[in-house]
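Written below as structure tokens is the structure these notes are about.
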């Protein structure tokens, strides 16, 4: 089961008490104090691990606690430190205060390790309290208390490309065509009920991670449909690929305006990310050239005919709008491309174009054969 949010009460370990003890040896009549210190309580760590994919391990658990430190003992023996509590979480996990929603930790990298709560310090044994006026102290410190915090763990998937579209627009079909992901595919809305990640190999040396997010409907930013539960998963994506259905009863303009509006309402910052547009089901569309031409005109791209790729003999190729990557205007889509996952039309061009945009992007890619550049 895909679990992307859990509430927990986390506690470190209580420090062990110091010991009150005196030397008791043969021929030593008045042995001095020899009480050892208490052991420190265990700490709480958060560790990001790529082998962890959901927060399901913590479902149904309300409280997790590190081990308490053991008490000290005679002969100046220090108590054993409490065992640490280590929470293994997927990269992309954010930790919030359950009451205030304050972000407390954000684990985005493999093997990232965060000390979240420090264990209580062990108390000092009575050996520390001997003085010239008190040769036999019968006092030792108690260990310091543990730290406790009510938290909410939220997983936000990390991907290079996030697919944004209405239900049943072909996102699952595309990701299964271009990557190793195998999502459930059927001809009804909300086939994808959990986000899926797929590794897209563009060539022998490079590729990227694509996220298939459950379909957005109008009002998603207000919680309708699958709503906010999954919109958050596109927050960490480097670029957005809006997918519009050429064979849908809604116009391309209506689809794009609605999707763009929902993303903007959810996060104005997210709406500023580099983006591109894929027009799906070109094999089933009527009046393909007219629909694409009208949509480009609506986007203010009709005067950019020099950016339309025209290659004879390849159906649909002459309908691809694409910017010059070195003169990229990020207020416009990098490309508008009709595709068909069913017939593989323009799929190769789509993969290479997305990789081009990622390599010119502002962020480092998760998976690539070469170091990526940053746009100046």
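Each Cβ is built from the backbone N, Cα and C atoms, and glycine gets one as well.
According to Swiss-Prot, the feature domain 'Obg' maps to 1-158.
Taken from Swiss-Prot, the feature domain 'OBG-type G' applies to 159-359.
When other Cβ atoms within 10 Å of the Cβ of residue 168 (GTP binding site) are tallied across all protein chains shown, the result is 19. Annotated GTP binding site per Swiss-Prot: 165-172, 190-194, 212-215, 280-283, 340-342, in sequence order, evidence recorded as sequence analysis.
Annotated Mg(2+) binding site per Swiss-Prot: 172, 192, in sequence order, evidence recorded as sequence analysis. Here the Cβ of residue 172 (Mg(2+) binding site) has 24 other Cβ atoms within 10 Å, regardless of which shown protein chain they belong to.
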I want to check the contact list for residue 281 (GTP binding site): same chain, sequence separation of six or more, C-beta distance under 8 angstroms. What comes out?
170, 245, 246, 247, 340, 342
Mind looking up the mean pLDDT for the domain 'Obg' (1-158) in the predicted model?
93
What count of other C-beta atoms do you get within 10 angstroms of the C-beta of residue 165 (GTP binding site), across all chains shown?
23
When DSSP is mapped onto helix/strand/coil, what comes out for residue 168 (GTP binding site)?
coil
